[in-house]
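Now, the feature entries from TrEMBL:
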{"type": "SIGNAL", "residues": "1-28", "note": "signal peptide"}
{"type": "DOMAIN", "residues": "53-362", "note": "domain 'Peptidase A1'"}
{"type": "DISULFID", "residues": "CYS288-CYS326", "note": "disulfide bond"}
{"type": "REGION", "residues": "386-415", "note": "region 'Disordered'"}
{"type": "COMPBIAS", "residues": "399-414", "note": "compositional bias 'Pro residues'"}
{"type": "TRANSMEM", "residues": "425-447", "note": "transmembrane segment"}
Amino acid sequence: MSFMINLQLFVFFSILSVILLFGSNATAQDTEPASQAQRVIGIDLVHRDDKVQTAVTPGGGESPTTWVDLDYWSSFTWVPSSRYTPGATSLSQPVPEDVNQTTVILPDGTSTKGTVIFDNLFIDQFNASGFHFGSVDTNGSTTSGILGLGSGASVSLGTGADVETGLLKNLVSRKVINDEIYSIRWDPDVESTSGGALLLGGIDTNAYRGRLIPLPLSRVGRAYAGDLSRITFTYGSNIILGTAADFLAPVVFDSTSSAIKIPEQILNRTINYLDAIRNDNGQWTIPCLLPSSTTLSFSFNRNQNLNIEIPFSHLISIDRNSPSRCTIDIQPSPNNNTYLGTTFQRYAYTVFDPSRRQIFVAPSSGKNMTEAPPILVEALQTPNGIDRSPVPDLEGGSPAPPPSEADPSNPPVPVFQSKALPTEAIIGIVIAIVGVTVIAVLILLLYRKKRKEEGGGGNSLTHGYPGYVNPTFGVSASDNMWTNTSSVRSFEDYVAVEGQGAGWIVETRDGVKHASWVKKGRFKLGR
């Protein structure tokens with residue numbers, strides 16, 4: 001019986017130790033800072049007046065919601081000081097204004113001073129907790145702020161010190177996303193108030209056709225710019241309005257306006273082909289009924305032939321004074337640059353890689369945004385992703401590719417993965433080792449205690465000691481009833497012959513007899 005108790009205890013504690021070991025490993029895995037992104041951050045965009053904006057709530061709590069423009073270049077996010085309540089959260093860290101000042105350029109081109117704040121910032125439904133942003137005195141010139149999506153990591157204060165303010169850099173350092181990459185998928189319905197979605201850390205292969213074509217970027221003022229090779233107007237036949245020689249400056253992707261602005265000489269060619277006339281307000285107007293094939297196309301990257309085509313019906317609006325005529329919503333560029341606002345970007349799926357000064361563009365698929373989930377950039381990242389863009393070369397509509405097989409001769413080096421075990425994992429492993437050791441000691445002590453209580457244990461005959469059996473029932477065994485085991489193969493055989501179902505079993509060790517009471521089937525002599 002003691003043997004069975006020991007066996008049950010051993011099994012129980014073994015299972016318990018395994019549970020502790022795997023539980024601690026699971027804890028270590030759950031708490032380990034993973035190199036893979038937890039999710040793609042999706043932020044809703046909304047059409048408001050002539051802009052596409054999103055909502056932020058600085059600090060949360062009592063602060064009102066504020067609309068902000070997307071700024072592709074700046075890394076500094078700010079809200080009007082009238083829209084922020086300092087100290088509303090325990091995280092808020094106000095800084096004296098005389099030592100914490102930075103200059104901010106307002107949308108109208110004027111400059112003002114702002115104070116850098118450390119607090120929560122709710123962007124749509126996402127909380128960028130512990131984030132540096134600005135509280136700016138706009139003097140009533142605007143009630144909107146700026147959501148900085150640029151690659152710059154800091155702003156300079158009046159004291160000469162720098163403060164980290166980059167949103168993308170902040171999210172990468174917290175391992176919320178894996179790279180300073182974002183993309184914009186626009187709502188294909190031009191009548192919708194929804195502007196689409198800003199995706200931080202991911203792309204949506206369902207949102208474009210063909211392949212994403214890389215365009216090198218340069219800085220033009222406070223906007224990104226990429227090379228434009230040709231503008232084509234289709235009105236019955238293709239008419240090339242301008243080629244690369246006509247564009248003395250790169251094209252600017254403008255996030256603050258829906259307007260398309262092109263060099264004046266190219267706009268004049270378009271007006272001449274359409275026989276446009278001016279209305280009383282000086283705007284160019286044309287008949288609203290145009291052939292459905294009338295388009296304006298922008299071509300980039302002559303080597304890869306990227307072409308973004310916009311229906312001309314989306315570049316005109318009804319003239320209030322003459323419902324049968326429409327005004328042309330294309331403006332002459334004041335400095336001979338080409339500015340492509342959100343009207344253009346609705347037809348071009350764009351992925352921004354600001355830290356490497358690249359954007360990737362493909363024609364929009366026009367599909368509903370909910371038809372496919374976005375793809376995490378991390379799943380597509382190259383081993384040298386810090387040097388080369390992790391934006392994938394995928395056909396539009398493609399699912400995420402399976403992980404590539406490892407090359408033994410050139411093992412990949414994860415870009416954001418630490419080689420050291422995190423503290424939580426080490427603690428979990430130590431707890432498991434200590435737990436298993438304690439359980440093993442307890443099992444050994446219990447086993448020895450049982451052996452001591454049972455006088456050495458009933459199964460000691462299996463170790464080869466000379467033994468005897470006595471099928472006598474009761475609390476003692478008389479000496480004259482012992483049978484030498486040399487003639488008995490097992491106790492079961494003996495009691496079966498004698499017709500008994502239980503009996504005493506004894507072993508002689510060091511001149512002392514040790515007896516135990518056993519039942520049939522629970523013990524074998526081993527001879």
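Note that Cβ sites are derived from N, Cα and C of the backbone, with glycine treated the same way.
What TrEMBL says about a protein is an automatic prediction, not a curated fact.
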So for CYS288 (disulfide bond), how many other CB atoms are inside 10 Å of its CB?
16
Cβ-Cβ neighbours of CYS326 (disulfide bond) (radius 10 Å)
23
The predicted model's mean pLDDT over the domain 'Peptidase A1' (53-362) is 79
